[in-house]
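J.: Please read through the structure below; I'll follow up with questions.
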Amino acid sequence: MPRTKIPKNSKRNREVANREEKVRLYELKMDSRLISIDSLETKFLSAVDHQVKTLLGQVQKELANLKMPEVLRLFEELDRFSDFKASDQTQLLASMSMSGSAIEGHAPSATGSRNDEEDSSIGASGGSILAAHTGSLLRSTKAMRTPGPLHSARARRARRSRSACGDLNILHSAKPPSISSSSSSSRNSRSKLRTPMASRAKAFSADRTPLKQKQMRSGSPTTPPMAFLRYPKPGEVALSKYGSPMVAQVMPDKFANVNIPIRNGVLSLRPKKLDADEVESNLLENLDEDTLNQIKTLHENLQMIVNKASQAVFK
């Protein structure tokens, strides 16, 4: 009777595998949940940041730079912020920046708010909006995340950092796209910057040949057909179609021969006249039908060569 008792080692291994699978599924679920929480956090932070940027864009530059005591004194003098007048120097700088942008062909910024009362401060608000918007972006990049349970859980795993690069790209996107030169497309690799080796002729190979040269040489090369293969001479290097060196069989002697593969070896025919009793019948029994058909085709080719050579000699 075969023993049906399960070994303890296999049972223990199966339990360990089950525990690892459960832990892996739990980690996958936690990762998906953390990703969803991060997406919600990013969504709400971007909404709040957008509202703050909108408010900062509506406030004039001098008004935004005021300190708290000055703001309190300003509340006593003004009924609303739209009545605040910028100084003459600020208006001059704003008008110069607006005229410079108009000469360069850039449209002036239209992010500033339209006050209920149109006064002389509208021209100065256009130049101050971009500066306030840029300052708010830079201040938002320096904000630190509030530590909490989510932050400690994320610290256990290597995740993508939420750096300031994503927000700073908005600043760079306002610049006009620069026209890249033709030299950037062909970049020098590290090997080209090193000391060059001695120049040598590189053979064409299947792994080094460019695609265009492969297509040019994809056709049949100018080599004779398979019935007229030539063995390399002693000391001659045999190359493949694409120039790779090959290990080829070298003829030891300079004479014609015919090699016939049989089941237990190769039957080599030398240019020597054979008698009928020299041909062993047990060797011919090892020939299969395909090899016999190949020998017949080879016999016809040899007979054709003999006839052509005889006609060429007698002419």
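FYI, residue positions are counted from 1 along the chain as it appears here.
Yeah, the Cβs are placed from backbone N, Cα and C, and that goes for glycine too.
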J.: Among T195, T209, find the residue to which Swiss-Prot assigns the annotation phosphothreonine.
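T.: Per Swiss-Prot, the residue annotated as phosphothreonine is T209.
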J.: Which one of S82, S140, S163 gets the tag phosphoserine in Swiss-Prot?
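T.: Comparing S82, S140, S163 with the record, Swiss-Prot tags S163 as phosphoserine.
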J.: For which of S95, S136, S173, S205 does Swiss-Prot record the feature phosphoserine?
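T.: With Swiss-Prot as the source, phosphoserine is noted for S205.
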J.: Which residue among S87, S152, S161, S268 does Swiss-Prot mark as phosphoserine?
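T.: Annotation hit in Swiss-Prot: S152.
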J.: With every protein chain in view, what's the tally of Cβ atoms within 10 Å of the Cβ of S244 (phosphoserine), excluding that atom itself?
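T.: Result for S244 (phosphoserine): 15 neighbouring Cβ atoms inside 10 Å.
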